[in-house]
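Inspection log for the structure reproduced underneath, given as structure tokens.
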Amino acid sequence: MLVWSKSGRVLTWLLAIPLFVIIYGLPIGVIALASVSGQWNDVLPSHFTLEHYADAFRAASFDSLKASLVTGVLASAAALVSGTWAALALRRIQPVPKRILDLCFFIPSAVPSVSIGLSLLVAFSQPPVLLNGTRLIVMIAHFVLISAFTYGNVAAGLARIPSDCEQVAESLGARPFYRLRRVTLPLLLPYLIAAFSLSFALSMGELGATVMIYPPGWMTLPVSIFALSDRGAIFDAATLTMILGMATMLVLIGLSRISSKATVR
Amino acid sequence: MVQAMVMERSLPAATPSASAAPADAVGGSRIGFENVSVTYGSLTVLQSLTLTVNPGEIVALIGPSGSGKTTALRAVAGFVRPSSGRIMIGDRDVTNLAPYDRKIGMVVQNYALFPHMRVEENVAFGLRAHGASEAVVRARVPECLAMVGMGAYAKRYPRELSGGQQQRIAIARALANKPQVLLLDEPLSALDAQIRRSMLDELAKLHRDLPALTVLYVTHDQTEALTLANHIGIMRDGRLKAFGGAQSLFRNPPNRFAAEFLGRANLLPVNDLQPAGEGRVSVRFGATVLKARNHHRLAKGSDCLLCVRPHDFKLGSSRPDANRLSGVVRSVQWQGDVHNVVVEVAGECIRLSSAPMREPPEPGASLDVHFDPADVTVVPEDGADG
């Protein structure tokens, strides 16, 4: 505990609570209120309704939710597989080449997402690889943007696995793939879930690259929200924002429960 | 305490319990280091190690941190690749074999049980890795758990066990595959003193139950080495400084380092070594002439060290042929079951251990001590390694 005196603790709480409410609570509260409002001409909204939610689960908005979820899950899964593979492959190489390859992996996280979107658009708009206008280019953009975080999480997890466990497994006769399947990956499971969760959350919120490359019929929720707010449909945009947040939260809570079980073991 | 441990080891072998594995089920291969060196860049961590652990033997490698003892063990396990030399297990040259092809069992300091597996799954791991049938697994796992007295804990997770219990499971897991050799890397270091003593007894019993098992035991604890090992290797700076039978090495250390590392020793600088009959020699310590064994056959006239263990000094009346020294008490320390006394004799401080005294000497008092020539030996100042 950093603050020992009772008055100091009270003062700290008095500062922290308003800050938390203003920074986190207020924006979320405003969005939540807007999502159930029919009008907002005064300090507080009026004409409360659930019609926006009913509309959100019809046609285009619901397709956006499906597009976001499918993109998030597939891109995160691909990033998890490649990030895990890379982290496993790179952990036993010499420090200097490892640092160089680490850097290569982290470059996409340092480049603005709009630049990634533009570069994919330029790269894949001409034969021989013509991906412009396909759903695959959205998946690739998300994969590129999140893979650095996946790799970073898995690499950090691998560094925390006791090497003794893997070595003892080998001494007991476990060949590399058996050891990986029965020892390394189960020990890594909490970190894999954390990596997938982070990737999924990032993918669900991704806008910069997606807005440049999304094909017709594969508009993700952030793009829909951006389009609605751009058209002035603030209440519908707020509703989709709430749905986006809740869908992401539900998946993350589910993953965190699995992760907790794996950690307790 | 050291005497007690040595006596404990010399007890007759216990009859294997019905639950224990058959004696011929495990082990039986020689471990051979043939001029093995390990280098990391310009750093040599193991230098030209040549050592044999015979089938059924326990050899302990002891030494300070960084002496190369763990590197030697890890080279046998296959986790360190020698830069030169050969490692043999039985008749196989395993120098370039992967660890999973070496048919070894290994127990490490922090147990390294797989936390996501129950105890029985941990013990079955090696069997399953080798493709054993479920029938074999079902038969062998309870057998191994019974061997270490953990049969009732099969369904538990490692986190539900104490440190000592975890180490027992680690040993059962290492033995489940019936390995040719067992490698123990400071297996008791993470345990508290009381559990360590009890585990030491368990390990001694285990080897009585499995007399064919060849064990390489790495430790920094001389008590563990003296209790368990048939032979002890003392390492320093990547080199084997001394090797021999546990009792022989303790009684006749070949050099100063071995004398100081394996049990505490008073090393008195002596000179003018002369034959004194019956395999003994006389040496001069200051103005006093002392007699000792000459196990290392040091040359007449040489300067050397007289190695006297603290418990070899006696107080009170002595035999006529005993060596006698007189000095001044510098400090007295009571440690429950022993009194440690430091006495200054001819400018040298000697340490003696005695059974608890009702009236210990006061610092500054004069004290006469004596010791039997049969209990002490002369040691070369810079004895050869090995």
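Indices start at 1 and increase along the chain as displayed.
Cβ coordinates come from backbone N, Cα and C, glycine included.
Listed in TrEMBL for this protein:
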TRANSMEM  A:12-36  transmembrane segment
DOMAIN    A:65-252  domain 'ABC transmembrane type-1'
TRANSMEM  A:67-88  transmembrane segment
TRANSMEM  A:100-124  transmembrane segment
TRANSMEM  A:136-154  transmembrane segment
TRANSMEM  A:188-214  transmembrane segment
TRANSMEM  A:234-255  transmembrane segment
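The recorded stretches the transmembrane segment (A:234-255) and the transmembrane segment (A:67-88) share 3+ CB pairs below 8 A when only pairs 6 or more apart in sequence are counted, and are therefore in contact. Of the recorded ranges A:12-36, A:136-154, A:188-214, the transmembrane segment (A:100-124) has the largest number of C-beta contacts under 8 angstroms with A:136-154. Cβ atoms under 8 Å from those of the transmembrane segment (A:188-214) belong to residues 68-69, 71-73, 75-77, 79-80, 83-84, 112-114, 116-118, 120-121, 132, 137-138, 141-142, 145-147, 149-150, 153-154, 156-158, 160-161, 220-223, 226, 244, 247-248, 251-252, 255-256, 258-259, 262-263 of the same chain, restricted to positions at least 6 beyond its ends.
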